[in-house]
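Peer 1: Before anything else, here's the structure in question.
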């Protein structure tokens, strides 16, 4: 019986540690049942209340024709379009921001090669339009407008419509041709010209009389001289001969000279180059749709405000930067500590040191109290706004950092790529590795700052309350204060809004503190009571056992023999 009484006293005493009957006020922060894990400088897994994904992984499976102008080459690549191959007439006069080359594009005319194909392709793509200016060329005593069965247009033998195939005259003559064109305009001119390589010496003399032929094209700053390479080659569209196409840019005030004794594929004019255009080219099989997007990749369009993407390295327009990571989360809320279940017999409350509060929905920080009038919860808007102000704009600042640095690095790498083409892939891989690391580091820095800021605001709120209460309350060590005076809801509100006057309650608090401390059982007293209770219980059990044995012996129920 005594043990039961002592046990009840201990339970009551243990419960009174959580709530003594004095008012309690706790500081806490918002929490959710399931937060989001983010990475910081010091920890790979930190749970926060809210976070924003920064890496776009969703793609529109089509190319958007607005706001960027797209030109679909269909069966023609951009070089065939510039040469005027059959089937490319739809590209005459075309203008674009992005020229779409299809993997299914095919050559449809006389077989050719371009020794500096990628450079010509880049010049044409960057120019953003096919603005062809026809010119008159005076070729003497030669036959013009050569045609080929390999180049059908409407089932009739034809040729590249931007070029003029010169062969010997009907009188079997191909005299030296020397023709000069001066650029008197205010723009640069692009001339595309070619050299025919026959398959046999007989073909050479049948077409040009002279063997070998020669083509020399010069400007004030450059000269290209080509001697035809005569020889048999695999048949392509019925032809074993080939044409090599070259290109020359003539700046304003410069001139171009064509000198040949045979094999020249002459231009019919020039393309006007626009130095102000910033167009490009994209090789993809993705169809053009009716959507709107400023960003295109070889896998489709992106419509996003995220600063990074993990869809394709090839991205054109106003696009997120490509990174290797599939996910980078930016913390937009505080550290998350899910709320524990109610503790104790009397539902004791706890503050931010032990857990967050899932019921705090009007702010990030707030108060809970327990007094004679009941319990309550209220948000603290001042500390909430202070934290939000420091976090707002974090995503925009991150985008500004990445954009500024990316453009600088991009320019440096482009110069390297232009000079050392063998290093192009290595440079691209290095650029992506660098930006993937950069992005991860920037996000980790911002996440660390967010968590530090939100923790700091929580501590500021706690210190603000502690300075108000002073000796009128006791810090319980869990984010709560036990108040040693009567504190109704108005009093609690004054603590929350910073108008609490501790001098008014000082005397009452001191008296109550001493009275409570005088009657509290210390840990030593509890130990003594437990030992006394245990000893008495053991004594009673032994006494009862001995009494039972004596009673049984007297009644003959137990016989006891002692042998010596």
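Backbone N, Cα and C define each Cβ position, glycine as well.
Annotation source Swiss-Prot lists signal peptide at 1-16. The topological domain 'Extracellular' annotation in Swiss-Prot covers 17-527. Per Swiss-Prot, the feature N-linked glycosylation site maps to 18, 34, 178, 310, 497; the stated evidence is sequence analysis. Annotated disulfide bond per Swiss-Prot: 64-291, 76-88, 109-151, 295-319, 487-491, in sequence order, evidence recorded as sequence analysis. Per Swiss-Prot, the feature transmembrane segment maps to 528-548. Sequence annotations record features per position, and here Swiss-Prot assigns S-palmitoyl cysteine to 553, 560, 563 based on sequence analysis.
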Peer 1: Whole-number Å distance between the CA of residue 487 (disulfide bond) and the CA of residue 310 (N-linked glycosylation site)?
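Peer 2: That comes out at 57 Å between the alpha carbons.
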Peer 1: Give the sequence-ordered list of residues that share a chain with residue 34 (N-linked glycosylation site), lie 6 or more positions from it, and have CB atoms under 8 Å from its CB.
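Peer 2: The list for residue 34 (N-linked glycosylation site) reads 338, given in order along the sequence.
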Peer 1: Of the recorded positions 88, 109, 178, 310, 497, which one has its Cα closest to the Cα of residue 291 (disulfide bond)?
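Peer 2: Of all the candidates listed, 310 is nearest in space.
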Peer 1: Which whole number is the mean pLDDT over the topological domain 'Extracellular' (17-527)?
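Peer 2: Taking every residue in the topological domain 'Extracellular' (17-527) and averaging pLDDT yields 87.
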Peer 1: For residue 497 (N-linked glycosylation site) and residue 178 (N-linked glycosylation site), what Cα-Cα distance in Å is obtained after rounding to a whole number?
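Peer 2: Residue 178 (N-linked glycosylation site) has its Cα 94 Å from the Cα of residue 497 (N-linked glycosylation site).
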Peer 1: Around residue 64 (disulfide bond), which of the listed recorded positions (88, 109, 178, 295, 310, 319) come within 10 Å, judging by Cα atoms?
Peer 2: 295
Peer 1: Count the Cβ atoms, other than its own, that fall within 10 Å of the Cβ of residue 295 (disulfide bond), considering every protein chain shown.
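Peer 2: A 10 Å sphere around the Cβ of residue 295 (disulfide bond) contains 21 other Cβ atoms.
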Peer 1: Which secondary structure state does DSSP assign to residue 64 (disulfide bond), in the simple three-class scheme?
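Peer 2: Going by the DSSP assignment, residue 64 (disulfide bond) belongs to neither helix nor strand, so it counts as coil.
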Peer 1: Using the alpha carbons only, what distance in Å do you get between residue 109 (disulfide bond) and residue 491 (disulfide bond) once rounded?
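Peer 2: So the Cα of residue 491 (disulfide bond) lies 93 Å away from that of residue 109 (disulfide bond).
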Peer 1: Report, as a single number, how many Cβ atoms besides its own are within 10 Å of the Cβ of residue 491 (disulfide bond).
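Peer 2: That number is 18.
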Peer 1: If one measures from the C-alpha of residue 553 (S-palmitoyl cysteine) to the C-alpha of residue 491 (disulfide bond), what distance in angstrom results, rounded to a whole number?
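Peer 2: Between the Cα atoms of residue 553 (S-palmitoyl cysteine) and residue 491 (disulfide bond), the distance comes to 73 Å.
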Peer 1: Would you please pick out, from the disulfide-bonded residues 88, 151, 291, 319, the one with the fewest other Cβ atoms within 10 Å of its Cβ?
Peer 2: 291
Peer 1: Could you find out if DSSP has residue 295 (disulfide bond) as helix, strand or coil?
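Peer 2: For residue 295 (disulfide bond) - judged by DSSP and reduced to three states - the answer is strand.
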